[in-house]
Amino acid sequence: LQINRDGKFMFCPCGTKLNVIDVETGALHSLQQDDEENISSFVLSPDDEILVTGSRALLLKQWNWRENKCVRTWKAVHVAPVASMAFDSTSTLLATGGCDSTIKIWDMIKQYCTHNLKGSSGVVHLVEFHPDTSRLQLFSSSIDYKIRIWDLNSSKCVAMLDGHFSAVTSLAFAGGNTLISSGRDKICMVWDLKTRESKRTVPVYESVEAAILLPEKGDFSQLGVKKQGLHFVTAGSKGILKVWEVATAACVYTQPVPFESKEEASERSLTQCMLVPERNEIVTVSVEHNIVFYDAQTLQLRKQLAGYNDEVLDVKFLGPGDSHVVVATNSPQLKVFELATSHCQILYGHTETILALDVFRKGLMFVSCAKDKSLRVWRMNKDGRVICVAQGLGHAHGVGAVSCSRLKESFIVTSSQDCTIKIWNIPESLTSKAKAALISSPEILHAKVTERGHDKDINSVTVSPNDKLIATGSQDRLAKLWSCSDCSLLGVFTGHKRGIWCVQFSPVDQILATSSADGTLKLWDLRDFSCLKTFEGHDASVLKIIFVSRGTQLLSSGSDGLLKLWTIKTNECVKTLDGHEDKIWGLHSNKQDDMVVTASSDSCITLWKDVTEIEEKEAQAKQEEQIMKEQELSNLLHEKRYLKALGLAISLDRPHTVLMVVKAILKETDGRKHLEENIVRLRKDQKEAVLTFLVTWNTNSRNCHEAQAVIETLLKHEAPDSLLQYSGIKSAVESLLPYTERHFQRLSRLLQASMFIDFMWQNMRLADAAQQEDVTL
């Protein structure tokens, strides 16, 4: 990962593309390669102008990243992929370290390879130029754990710094003659570049991935910096930042641990750490792809971005104005995203994968349940920070479903793979704000009622809008209705052919909706437990359903990645949305009922906006515009302004109206001439439209004369080459030929018939004249 100089943009490779992220908003655009090969390394020049990527296709590409354009591509000349890259401080020289043990240096201005440095062993995974350009030195490290110094004047390796016993992970230069190197052998070494000897070894007691120097200017007293002299920050396998003093090799500051130490260290180890001097920030990247921005002087967290979510199992809107979403990914941590900025909080507490979430009505408290057989209650403070306020233990297996009370923050219902339902009361102390602020450690909750509900896993549980009823859906194909007060069974809904994945109460009627692995949704009457409606249309299991549009529509999500919107009154699916590649486990609408969030196994979280009203307004505006144009058209025809009328009729896409205009022109004296003038003055796209219209007119003998008149004009005034450029000319000619042939034959027959009549008439006149002569004689 790299960040540009002013800290506004972040660059990270993702498979075949390189993503450019706006740090402020989290907005992302990608630089997409043509060769479909994974990017093996990339680098941004110190002046932010040049971005170079190297792919497994052994090509180097230079990008204008602001405009998403690839400026040039050239062969890397390496025989194996490029593993590391670095620019010198002037942004003119680029060094590439390859998996083929060679290093190449490129002049970026004159665009040629200046050096080919051989002698390393194995993959060259680290290359760095000395910041002082007058020295012309390059530092590299490869699989033999030595740091090589190359003199670019002679193209020779002038020294080897030998001291590490594992891979060297980073190099940091202090002044002209001091170098700090970090390694996976749990040490950092300070080198004197004059004598090329090690000055000091700093034991860090963890595998170090990055060491960065703290700037000499600035107040770092909060990080334990008491004296002048060099200090550096290390990031590594323990997942925390430490500050070290070079002179004494002592650790002067250790970042406090935000998580419980039971977790494996490898899960949270840091892979990268860098300083952004312009913004006074330190940025770290963890193994789990979390990117964290700290204030460099206090190490206070400023912002956190989640780079990857893994399989998403549930998602819910959170916050009084639905400003956040809380996400359960395939891990024991919860993620809370602020929608406006993509800032992410990571909540530690559960010890195994979190399976389900639910939020109380006000949006400040929510509940999570996990495979660790527990549930946890979380509360969001006014500043947006989330803390755990209570924990409930008691289930014998993982807790797979949870639902909160709807009216007040009074109780929680959970169901588990142990086939039981438990109701948990929330004590007053958690809901009253004054006391909640004083909570230091999570309160322990105990179940008020436990009831064995089903014979198989319970997949879903929900509480009715009036807090009086509970519904459960299970793998045993049954949905059941329970009383909230004592968890007594009120009725059973039977009818699904496979296990039930989700149950949901209607917000407006006494109706329960269920969705099942048999691909159907059913609506049930709560009074007599009868099935009112069945919705068929999904080709796969229906995993989640919610009521939307104030209870008049249902939105369902399937295991094939499709969302379907159903209108309850008509029983029909009005829209199918394809936004995911895999099972959609999470589906939730906001309080205003105009947005929906979905989450899927393809690790994507998608926000959907209801655009019904916007579309209706657009359609109405279009209709009004159409009426206005039609009125204008009739006015133009009345005023005999034919050219304008012709243009308007074409823009309205009305073949019949255009025909009427053409007929009106032809009725005028000198109509043919007028038509010719008007057709010639049309634009090319308008002529193309007229051509498609006249193909239809030509099929009818009543309108063929107008069609032929227009064709004649086009053939007269357009060169054959320009006619060939018209879109749809081929099909137009193919349609015109047979009908024109037929009209021609019909006219020929008419002409023959009229000649015959003329002949008969002439003969009759001759005979008539002869008789008259006889009479006069």
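Just so you know, glycine gets a Cβ as well, placed from its N, Cα and C.
Positions annotated as domain 'U3 small nucleolar RNA-associated protein 13 C-terminal' by TrEMBL: 630-764. For 75-108, 117-160, 161-201, 347-381, 392-434, 451-483, 493-534, 535-576, 577-609, the entry in TrEMBL reads repeat 'WD'.
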Subject >> For the repeat 'WD' (161-201), the mean pLDDT of the predicted model >> reply: 93
**OP:** Report, as numbers and ranges, which residues of the same chain sit near the repeat 'WD' (577-609): CB under 8 Å and 6 or more residues beyond its ends.
**Re:** 308-317, 322, 325, 327-329, 337, 339, 363, 543-546, 548-550, 555, 557-565
**OP:** Tell me the residue counts in helix, strand and coil for the repeat 'WD' (117-160), as DSSP assigns them.
**Re:** 3 helix, 21 strand, 20 coil
**OP:** Quickly jot the same-chain residues contacting the repeat 'WD' (392-434) by Cβ under 8 Å, restricted to those at least six beyond its ends, or write none.
**Re:** 352, 355-362, 365-377, 379, 443-467, 470, 472, 474, 482, 484, 487
**OP:** Could you tell me what the rest of the chain brings near the repeat 'WD' (161-201), counting residues at least six beyond its ends with Cβ under 8 Å?
**Re:** 125-126, 128, 130-132, 135, 139, 141, 143, 145-149, 207-213, 230, 232, 234, 236, 244, 246, 249
